[in-house]
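What TrEMBL says about this one:
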DOMAIN    55-515  domain 'Major facilitator superfamily (MFS) profile'
TRANSMEM  132-151  transmembrane segment
TRANSMEM  163-182  transmembrane segment
TRANSMEM  188-208  transmembrane segment
TRANSMEM  220-243  transmembrane segment
TRANSMEM  249-268  transmembrane segment
TRANSMEM  343-362  transmembrane segment
TRANSMEM  374-395  transmembrane segment
TRANSMEM  402-424  transmembrane segment
TRANSMEM  430-453  transmembrane segment
TRANSMEM  465-487  transmembrane segment
Amino acid sequence: MSTLLLNRQLDGGDLRSPLVSPALNEYNYSNPKKITMDEMLEKYCGDFGLWQLRHLVLASLAWFLQGVHVMVMLFADREPAWRCLTSHAGYTPCSTAGSMCGLEPSSWEWLGGKGSSTRSEFGLICGDKFKVGLVQSIFFAGCMIGGGVFGHLSDSKLGRKGTLATVCILDAIFGILTAFSSNYSTYALFRFLTGLSVGGTGLSAFVLATEPVGQSWRGVAGMSTFYFFSIGIIALSAIAYFIQPWRALYIASSIPSVIFVVFILPFLHESPRWCLVRGKVDEAMKIMQKIAVSNGKSNIPDDVILALDSEVNESVPYSQSDTNKDAVNGSILDVLRSPITRIWFFLAVTINFLCSVVYYGLNLNAVNLGTNLYLNVALNAVSEIPGYFLTALVLDRFGRKSLAIGTMWFSGIFCLGGSLLTSTNGAWKVVRMVCGLLGIFGIAGTFNLLFVYSMELFPTVVRNAALGCVNQAVHLGAILAPIVVLLGGTVPFAVFAACGIAGGFLVTYLPETLNKPLYDTMDGLQEAEAKPGFVA
């Protein structure tokens, strides 16, 4: 220590000054080289190592929660079995082969009691049957609004992690409160409020999980997040089989959200890309250093620092104040002002809408197939997993564009086949179910892929805002899906076929994003557009 003090005196330093200048924070940058996030991941931290794997798994567990909260209504709103009571004089003859709508109320009863589902407790049968589809659409309307609101908050004040924490807490609160609904109107209100929070859950988790991943692994990592959504549905099917009363089911399905908030969230880090665009360069560098150390890399050199892609080629000298700059802000208006991103935006919104109609429609249509509901929902979720796996396997070989076209058309063709099968007896019932499973297999790959594809189209500064609007389109399609399912017969399959085939055609107008960087700012994207060889 005395040698250090002597040297400081010889250099003319003030002994009263701190040994480390506060302006340097924890890093001593001396004329550093500015590099982008993707470059730092590739050269110094690792595109995908132990840190990213752990972070991806923990963040993606939120998709497990979303799968549970979205699909719980299939079991809570199901139509329970019923039976005839002993006939009495003057009653209309009772037979379980028909409908209970023309029977005397006292001539039949629900198996398992009125509390087995919302249909039996709130009388959502016969003339009020439409209310089942209505409350499901109300839930997705909440998701649509929540996707936009929390998408904006995730890009601005709350950040990715703060937004995820907020929505998961609200998921748990509103999910539990739903179990105490005293009537249909209260039930619909709490389902709407749950939808508001669920609308931001998967989106925030997806972006938080994938933004710290390097360019070479981003597609595969993004595709992997959706396994947790399917696993959530499979787990829900088992829970619903053993816990059938709808009130107990809503409480049980909300417990995983509580566990996530208490035991998982504390181990998640904020996205370094979000820190960078918000001007928190020093915080972003600390996270990048943790990534490098955890991945077994050497420390990041002192002569490099993170910078926005629009700043890397600037000739302006670096100053120490660059470690705590003003935030670079963006909104959906910036996306709409740019002619090229405007076209991408409207295409992405439309394609995601059509994909959502098919995906949610095929899942909700399980109630129309005349098979075991618990088994059918579980099989639907199981059929999604190989769709995710195979799509991820060939994603970097065929690219986002051709794969999205192929999977949408694959699903559309099998939905078309299902619409042509008018018989629902015997073996034909199984054939229709297989058509539905193959349709879900194809559209699940598309649904997963479109999140990665849409994320890569827009810069960090507006990414969650743009994805929030895309997510709203997804939930708008989900609002329509229960209405289509209520039509019954072959109509749902025909609608799903048309949406899948049309969506595939629209994808042909999007650019390929394979091996393209994730841009930080709109200026960075504009500069890339101006370079020779840029393909829109």
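Cβ coordinates come from backbone N, Cα and C, glycine included.
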Practice item. Please work out whether the transmembrane segment (249-268) lies in contact with the transmembrane segment (163-182), by counting C-beta pairs under 8 angstroms that are 6 or more apart in sequence and asking whether there are at least 3. Key: yes
Check your understanding: Under 8 Å, at least three CB pairs between the transmembrane segment (188-208) and the transmembrane segment (402-424) (pairs 6 or more apart)?
Key -> no
Check your understanding: With an 8 Å cut-off on Cβ pairs and a sequence gap of 6 or more, do the transmembrane segment (343-362) and the transmembrane segment (402-424) reach 3 or more such pairs?
Key -> yes
